[in-house]
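Participant: Take a look at the following structure, please.
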Amino acid sequence: MTFFRSVYRLFTTMSKPQVVFVLGGPGAGKGTQCSNIVSKFGFVHLSAGDLLRAERSKSDSRYGELIDTHIKNGTIVPVEITCKLIQNAMEASAANRFLIDGFPRNRDNMIGWNTTIGDQVDLLFVLFLDCPENVCIERCMKRGAAGSGRADDNLESLKKRIVTFVNDSMPIIEYFKEKNLVKRVEAGKNVEDVWSDIIELFKNI
């Protein structure tokens, strides 16, 4: 069965998957809080960044070198690749509720999502982890020093990633805000306080 037939089967044999986009700058705590949401509320966490890094690490990947270049430069991987990886992960899961972390990151991402899969899912809201730049940098640098193994956990890449987030991702957050789909959480606080705020947003879903 081809990939697209598999995706078609997924969405015709289930109720519409429920999706929450999780957006925030590098170091805003997306991975940490997504893990908490998975544990308490039963969502499946799909990190666009993790999917791309996993694909990059495959020796036989046709996209590996391209993905590596974008990650190191702090730029955004072509939407066709990212959407395909997300769709693959959703199709492989038996779940029906997904946190999609770090996506859509720009207008091209959003257009690609809307044209390939957007009308086949129920977008609940966008969780925006709003974190000050200095806190984001400090967290990522600590993560890198602790041996995260991520090629982009260095000051040069972080500065590029933050510029990319401000220029490309914030307009997407504003777009969803105009549609009353953004739920903002102050993410510069300690992890426990951020989590308490997030619980309030998810407990009635």
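Cβ from N, Cα, C; glycine included.
Pasting the relevant annotations from TrEMBL:
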| type | residues | note |
| --- | --- | --- |
| BINDING | GLY27, ALA28, GLY29, LYS30, GLY31, THR32, ARG143, LYS189 | ATP binding site |
| BINDING | ARG53, THR75, ILE76, VAL77, GLY102, PHE103, PRO104, ARG105, ARG150, ARG161 | ribonucleoside 5'-phosphate binding site |
| BINDING | ASN109 | CMP binding site |
| REGION | 47-77 | region 'NMPbind' |
Participant: Taking only the binding-site residues GLY102, ASN109, ARG150, which one has a CA atom nearest to the CA atom of LYS189 (ATP binding site)?
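Facilitator: Of all the candidates listed, GLY102 is nearest in space.
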Participant: Between ARG150 (ribonucleoside 5'-phosphate binding site) and ARG143 (ATP binding site), how far is it from one CA atom to the other, in Å?
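Facilitator: Cα of ARG150 (ribonucleoside 5'-phosphate binding site) to Cα of ARG143 (ATP binding site) measures 9 Å after rounding.
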Participant: Where DSSP helix means H, G or I and strand means E or B, what are the helix, strand and coil counts for the region 'NMPbind' (47-77)?
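Facilitator: Across the region 'NMPbind' (47-77), DSSP assigns the residues as follows: 20 helix, 1 strand, 10 coil.
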Participant: Quick one: largest C-alpha distance among GLY27, ALA28, GLY29, LYS30, GLY31, THR32, ARG143, LYS189, binding ATP per the record, in angstrom?
Facilitator: 17
Participant: Identify, in sequence order, the residues in the chain of ARG143 (ATP binding site) that are 6 or more apart from it along the sequence and have a CB within less than 8 Å of its CB; answer 'none' if there are none.
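Facilitator: Set apart from ARG143 (ATP binding site) by at least 6 residues yet with Cβ under 8 Å, we have GLY27, ARG150, ASP153.
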Participant: If you count other CB atoms within 10 A of each CB, which of LYS30, ARG53, ARG150, LYS189 wins among these binding-site residues?
Facilitator: LYS30
Participant: Counting across all protein chains shown, how many other Cβ atoms sit within 10 Å of the Cβ of GLY27 (ATP binding site)?
Facilitator: 26
